[in-house]
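Participant: Below are the features I grabbed from TrEMBL:
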- 27-50: transmembrane segment (TRANSMEM)
- 43-294: domain 'G-protein coupled receptors family 1 profile' (DOMAIN)
- 62-80: transmembrane segment (TRANSMEM)
- 100-122: transmembrane segment (TRANSMEM)
- 134-159: transmembrane segment (TRANSMEM)
- 198-231: transmembrane segment (TRANSMEM)
- 243-267: transmembrane segment (TRANSMEM)
- 273-296: transmembrane segment (TRANSMEM)
């Protein structure tokens with residue numbers, strides 16, 4: 001029998017988190033999680049279908065929205081099915097390799113989403129502050145290049161995270177804090193000096209999500225400055241209302257991200273339920289709410305959805 005303090009250079013598996021005393025409620029938790037996942041898949045697929053089939057929506061703003069929908073689909077699909085198998089079939093173990101792959105996908109897709117949100121903020125800034133140059137600056141080709149840059153940026157910044165964890169020995173305790181793998185969570189289980197991993201992880205987050213958040217705020221400061229130059233209040237509200245959907249989507253992304261980071265940094269003594277809820281909110285809430293926000297705030301998408309509902313209801 002190995003001693004409790006033994007470590008293994010290649011741990012065979014990690015244990016996904018469960019809530020002590022609530023194992024009997026796993027079935028109902030899975031039902032809730034599955035319902036949210038179905039909503040996320042349905043809503044984001046609807047956005048992709050509507051933009052693809054509606055020629056009037058073939059514009060940079062809606063292409064960015066499609067990228068956002070595709071990222072949300074990939075992020076939720078990379079985590080929720082595995083969590084459902086844990087809750088429904090009690091398959092709590094996840095292999096070391098699968099955990100690292102899942103971790104890479106979560107952090108990389110989050111970085112790509114952050115970059116796309118920044119691109120959407122720039123799109124709003126150019127459309128409001130330089131409307132005559134908007135079509136020339138944000139062409140369809142430029143939109144595709146931005147998407148590729150966002151993807152490359154996410155991969156390059158966050159590929160080192162699993163590589164830094166790969167050679168580390170792990171303690172006999174391999175119980176995670178969530179029903180999926182995050183870098184901070186896995187790193188805390190290592191029985192070695194994790195300073196390089198800590199420093200690089202923090203640097204990557206600050207240079208991607210942190211920098212993006214600052215630039216998004218700067219974009220809206222410039223937008224607000226331009227809007228305040230308008231004479232009529234009605235005109236100001238009309239112009240700024242075009243940004244409401246994007247502001248809501250930014251908040252839906254960054255608030256759970258910050259909340260999860262705070263829980264990991266200061267919430268070691270919190271109940272396991274808090275960690276699990278915050279993790280699921282971070283993964284699923286943006287994927288569920290983003291299509292609803294743009295469906296409600298964008299007349300073209302809203303009208304197309306109503307037409308589809310009318311067609312299928314008849």
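Using N, Cα and C of the backbone, Cβ positions are placed for all residues, glycine too.
Not measured: the values here are computed from a predicted model.
I'd like these features described in context: how deep, what's nearby, how far apart.
Facilitator: Looking only at the domain 'G-protein coupled receptors family 1 profile' (43-294), the predicted model's pLDDT averages out at 90.
Tertiary proximity for the transmembrane segment (62-80) is limited to same-chain residues at least six positions away from its ends with a CB under 8 Å from its CB atoms, namely 33-34, 37, 40-41, 43-45, 47-48, 51-52, 102, 105-106, 109-110, 112-113, 116-117, 119-120, 123, 140, 143-144, 146-147, 150, 179-180, 249, 283-284, 286-287, 290-291, 294.
Using a Cβ-Cβ cut-off under 8 Å and counting only residues 6 or more beyond its ends in the same chain, the transmembrane segment (134-159) has close neighbours at 58, 60, 63-64, 67, 104, 107-112, 115-116, 119, 123, 126-127, 204, 207-208.
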